[in-house]
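K.L.:
This is the structure I want to talk about, given as structure tokens.
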Ligand SMILES: NC(=O)C1=CN([C@@H]2O[C@H](COP(=O)(O)OP(=O)(O)OC[C@H]3O[C@@H](n4cnc5c(N)ncnc54)[C@H](O)[C@@H]3O)[C@@H](O)[C@H]2O)[C@@H](O)CC1
Ligand SMILES: Nc1ncnc2c1ncn2[C@@H]1O[C@H](COP(=O)(O)OP(=O)(O)OP(=O)(O)O)[C@@H](O)[C@H]1O
Ligand SMILES: [Mg+2]
């Protein structure tokens, strides 16, 4: 088994060894789907970029198929960004429906997702989801179903807003990964630990938070990214970019979903013994940061999320050449 940490007291994860142990080979005997089928639940009237960034990143890293489950308004927009994505216009926000239709629409949403669920290796819940109460109610049902089917979930953005208000959706589910940014982490700490974020004891607090939610994995984003499942903790400080343009967290969610799926395949074959959710987080974070640094070298102050996505392939190639 590879070690996830570098030697010594440093928390820094050995991301290069992790990449090398979980990246699948590109053999001609493989068929479509074996490298991963990812679904993003997100995208509403306001936000169409976030689910696109997440879903296209999953493909660019090496997943075979990437789906998006979004609102009816958002779907044609997301489809127009890319013909590579499979887009399901199934969600509805309160403004577009009548109260008396809510229960039948809710049943239709879950029936539609049920048809697909068993095929997915990982869901990403939340990029650009918005906060409409009816829509979030339907997404709660999707999450309950994913959990019944043992499908891993990466929860980000408005998915974290939902989960912070209803911790039971993920509590005690070892295949849940939460990827909070500064604001989202603050809200989780307040809700679960009933305290403020304490940076002096940041690792202990992160361990307590992950344990407090029953052993889910948390990737706390920031200057360094910190990862814990309540038992161990590690950090990723690979040099990234000084630009903080919106959307980098969305790349990260798609990236973690793919690496987590690959790490689970390796764990099933007994090739790794470390928690696959931790391996997925470390690899996802290290890749995004490396790609961000490469994009910044090219574009400097005008670096945007699309530029970082364009560098995902070259970053992977430098780590594990094909
Ligand atoms: N191009 C895009 O479509 C992008 C969309 N994004 C999406 O934007 C949404 C918000 O993410 P942020 O990173 O800004 O979240 P944050 O929680 O960091 O929000 C920033 C600030 O806005 C407030 N806020 C956000 N939504 C609110 C609401 N509905 N009502 C009241 N206050 C609200 C928060 O309390 C906070 O003060 C997520 O769904 C996220 O995925 C981001 O991922 C960035 C890119
Ligand atoms: N100060 C920083 N220095 C270096 N890298 C950072 C810094 N802050 C964030 N990052 C990197 O950017 C990635 C996205 O983190 P960020 O906090 O921007 O997420 P977010 O707010 O959810 O993004 P999004 O706009 O997609 O919603 C993280 O994986 C992290 O590695
Ligand atoms: Mg975000």
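Residue numbering: from 1, along the chain as shown.
The backbone N, Cα and C atoms fix where each Cβ goes, glycine too.
The following feature annotations were taken from TrEMBL:
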| type | residues | note |
| --- | --- | --- |
| BINDING | 128, 181, 182, 183, 184, 185, 186, 187, 250 | (6S)-NADPHX binding site |
| BINDING | 221-225, 240-249 | ATP binding site |
| DOMAIN | 15-319 | domain 'YjeF C-terminal' |
K.L.:
Just to confirm my parser: what is the rounded mean pLDDT across the domain 'YjeF C-terminal' (15-319)?
P.N.:
97
K.L.:
Of all the binding-site residues given, 184, 225, 250, which residue's CB has the most CB neighbours within 10 A?
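P.N.:
Result of the Cβ crowding comparison: 250.
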K.L.:
Could you list, ordered by sequence, which of these binding-site residues: 182, 186, 221, 225, 245, 247, have a Cβ under 6 Å from ligand 1?
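P.N.:
Only 247 meet the Cβ criterion.
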K.L.:
Ligand 2: which of the binding-site residues 128, 184, 241 have a Cβ closer than 6 angstroms to it?
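P.N.:
Cβ < 6 Å from ligand 2: none of the binding-site residues.
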K.L.:
According to DSSP, which of helix, strand or coil covers residue 249 (ATP binding site)?
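P.N.:
Where residue 249 (ATP binding site) sits, the three-state DSSP reduction gives helix.
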K.L.:
May I ask which residues of the same chain, at least 6 positions away in sequence, place their Cβ under 8 angstroms from the Cβ of residue 186 ((6S)-NADPHX binding site)?
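P.N.:
Spatial neighbours, sequence-distant, of residue 186 ((6S)-NADPHX binding site): 196, 197.
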K.L.:
For the C-alpha pair, I'd like the distance in angstrom between residue 250 ((6S)-NADPHX binding site) and residue 221 (ATP binding site), rounded off.
P.N.:
12
K.L.:
Tell me the coarse DSSP state (helix, strand, coil) of residue 225 (ATP binding site).
P.N.:
strand
K.L.:
221, 223, 243: which of these binding-site residues has the sparsest Cβ neighbourhood within 10 Å?
P.N.:
223
K.L.:
Over the residue list 128, 181, 182, 183, 184, 185, 186, 187, 250, recorded for (6S)-NADPHX, what is the maximum interresidue Cα distance in Å?
P.N.:
19
K.L.:
Taking only the Cα atoms, work out how far residue 225 (ATP binding site) lies from residue 182 ((6S)-NADPHX binding site), in Å, as a whole number.
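P.N.:
Each residue's Cα considered, residue 225 (ATP binding site) and residue 182 ((6S)-NADPHX binding site) end up 11 Å apart.
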K.L.:
Could you round the CA separation between residue 182 ((6S)-NADPHX binding site) and residue 223 (ATP binding site) to a whole angstrom and send it over?
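P.N.:
Rounded to a whole number, the Cα-Cα distance is 10 Å.
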K.L.:
Does any of 128, 182, 223, 249 have a Cβ within less than 6 Å of an atom of ligand 3? These are the binding-site residues; tell me which, or none.
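P.N.:
Close enough to ligand 3 are 249.
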